[in-house]
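Asks: So that we are looking at the same thing, I have put the structure below in C-alpha cells.
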Amino acid sequence: MEASAKDATETATHVAVKGEAAIKQEFITTKDAFHGFLDSEWQGSKGEKASENETPQEKKDPSVDEPECKKSKLDHEDVKKTEKQDKKRFRGQNKSRPHIKPTTYEEKRLCLSVIQKNGECKFGDKCIFYHDVAEYLANKPADIGERCYLYDTFGKCEYGLACRFATAHTTADFKTMEKEELVKAYEGRTLVKNSLSKDLQYRLRKRSVTFKKSEEYLKMLSDNKDKKEQQSNGKTQNCFCPLPTCPDIQPPVKTVGPLTDADVIKLRPCEKKKVDFKDKLYLAPLTTCGNLPFRRVCKRFGADITCGEMAMCTNLLQGHQSEWALLKRHESEDLFGVQVEGCFPDTMTRCAELINNYTDVDFVDINSGCPIDLVYKKGGGCGLMTRTRKFEQIIKGMNYVLDVPVTVKIRTGVQEKSNIAHKLIGEMKNWGVSMVTLHGRSREQRYTKLADWDYISTCAKLADPVPLFGNGDILSYEDAVKAKETGVSGIMIARGALIKPWIFTEIKESRHWDVSSSERLDILRDFTNFGLEHWGSDTRGVEKTRNFLLEWLSFMCRYIPVGLLERVPQKINERPPYYMGRNYLESLMASQNVDDWIRISEMLLGPVPKNFNFLPKHKANSYK
C-alpha cells in the first residue's frame, strides 16, 4: 500500500493555483492517480486480488501534448456555451432532490405489538407487518455488529429484535436481555427534552390551544392601529408600538411627575430569564447538519452555546412532528436555544408563546438571515431586514410573551454593496433584543467572497451595550483571535464546525491540532452512536443516521491535516488540491467523491441496502 501511494504522489507535477490551499509538494497528486489508488486499495481490503504491477493511471503533462487544432469562432462559442451550461448544472444545491423515506429500505417490519410485548395486535389479520418472529428473522437484513451501543450504554435496547445489533441482547428463544444496574441508573432521567406529545399535537391540529398573551398583544396592536386611523385633527404619529409603555397611550391612572413602568405594568409572575452570552463560543444553527447528534459532538469539543436548526413557525403551530423534532434538546446542552422563522407578527408571537409554555429553552432566536428563495420571497429570513415595521412588531410581540431572551441573527443586508445592518441594530436595541448575531455577508453573496469583519466591528460598536456576535470564515484559532480583536462580544462558528468540529478545542487552547485519520474516524463513530440513540438502531434509524453522516462528510472532506500544510492555518475559502494522505484512511477522508463517503459510512454502519440512493445537498456529487 505504501509503495502504491508513493507511486501516486511521484506522478504529480503540481502548479500552484490561486484559491488552492498550500500543501507540501510530496503529498500532491493528480485526480486519476488519487482515485486509482483509493479504488485499488478498497478492492484489496475487500479481498479482491489486485495486480501487483498495476499502477494508477498517470495523467499526461499538458506541456508535452500537441496543441489542439484551432476551431472556428462559431464552434468556439458553442463549446464555451456548453461548458458554461455544464458548470452551471453542477453548482448550487439540488433543490429537487428525491427524499427517500428510510422505511423504503425495509420491505416488511416486525409489528410493534411484538416488539413492545403488548399482546394481540389491534389490527388483527389486516396488519401488514410480521407477527412470526422466526419468519421475520429469516428475512431481516444481517446484523451490522456484535455489540449494541444502546444495550451497552443504557442496559436495554427498546428496538429488541428489530435492532440491527440484536445478537448482542437476544437469547436463543428470541427474548431481549437487560442489564438491571444500568437500567436503574438511567431510571427517571430525561435525556432528551422538548418532544411533542400526542395530546399537544392533537390540540394544535384541532386549533384548541389557547394563546392568551398573544391575543392580548395582537389586540393592543389592532387597537393602536384603529386609534391612528381615527385621528381627525391631521396629526401624524410615528409610533406604532402597542405596548403600554408607549408615550402615545394615555396612562390608566393620574400621575404626578414622570410616568414609570410600575404605573402601567403589573409585575409578571416570573422575572425574565437573563443569559450571559459574553465571550462564549456559539455553534450556529445549521440546517440539515446541525442535528442533535452533531451538536453533542461539538459540545464535547467545547461549544458553549448550541441552537436547534431553523424551524418554520407555521409548521410548529400546526403540530408537524418533523418540525418539532428540531426543538429537541439533549441534557448535555446546558445553554440551548431554538431558532424560528416567520414573516408575520401573529404567527411568530403565537409560536413564541407555544415554545415558552411547552419547551425548555434558554433563548429564542429569530432568523433574519436565511438567503434561500423559498423563505425570502414570503418576506421571512433576509426579507425581514427590509420590512422594519413587521420586524419591530415581531420582536416586541415575542418579547411580550416569552420568559426567556429574544435574539436575532441577521446579515449585512440584501444587496451586496448596500449594507443596512447598522441601521437596524440601533433600532433593535430599543425593541428589546438581548443579543444580535451578524453574518458578514449579504443575501446576494450567500457564502461567496470573504466575510466583512470591518463592517462587523463597526456594528459591534453601534450595538453596545447589547452583545453582538460575529460570524463568517472562522476555521482556526488564529481566525478567532482576529475576530475577537474587532470588538465583538463573541463568535459564532458554522461551516468551520462542520469541517473540523474540534475547532472549539483549538480556540480555547490556542493551538493547531493535527487530528489523525483514526481520531477522525472515532469522532464519526461517536456521531453514529449518538445517531442510533436518537433515530433508532433498527433499519430505519440506521439509514437515517447514514444519510445525516453523508451530509456531514460532504463538509468534513474539505479538512486538510495540519501536518500536510505548507502554510498553517488552512483558510476556509481555499479549496484543497488532490493530495495523498499519510495513510489510506487519511486519503479516503480527503476524497470529495460521494462513493468514498459511502465507503466510510460502511465502515461504521455496514453495507448500504440494495435500493440505496443518496443525492447530496450540493450538486457536485451524487450516488445512485
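Easy rule for this one: first residue shown is 1, then count along the chain.
Any Cβ shown, glycine's included, is placed from N, Cα and C.
Owing to the predicted nature of the structure, the values given are computational and were not obtained by experimental measurement.
Quick paste from TrEMBL:
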{"type": "REGION", "residues": "1-22", "note": "region 'Disordered'"}
{"type": "REGION", "residues": "39-99", "note": "region 'Disordered'"}
{"type": "COMPBIAS", "residues": "46-86", "note": "compositional bias 'Basic and acidic residues'"}
{"type": "COMPBIAS", "residues": "87-99", "note": "compositional bias 'Basic residues'"}
{"type": "DOMAIN", "residues": "105-134", "note": "domain 'C3H1-type'"}
{"type": "ZN_FING", "residues": "105-134", "note": "zinc finger"}
{"type": "DOMAIN", "residues": "147-172", "note": "domain 'C3H1-type'"}
{"type": "ZN_FING", "residues": "147-172", "note": "zinc finger"}
Asks: Take the domain 'C3H1-type' (105-134) and find every residue of the same chain, 6 or more past its ends, with a Cβ under 8 Å from one of its Cβ atoms.
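Replies: Answer is 141, 159-162, 174, 538-540, 543, 609, 611-612.
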Asks: Do you know the mean pLDDT across the domain 'C3H1-type' (147-172)?
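Replies: In the predicted model, the domain 'C3H1-type' (147-172) has a mean pLDDT of 92.
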Asks: Is it possible to list how many residues within the zinc finger (147-172) are helical, extended or coil according to DSSP?
Replies: 12 helix, 1 strand, 13 coil
Asks: What does the DSSP secondary structure composition of the domain 'C3H1-type' (105-134) look like, as residue counts for helix, strand and coil?
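Replies: The breakdown for the domain 'C3H1-type' (105-134) reads 10 helix, 2 strand, 18 coil.
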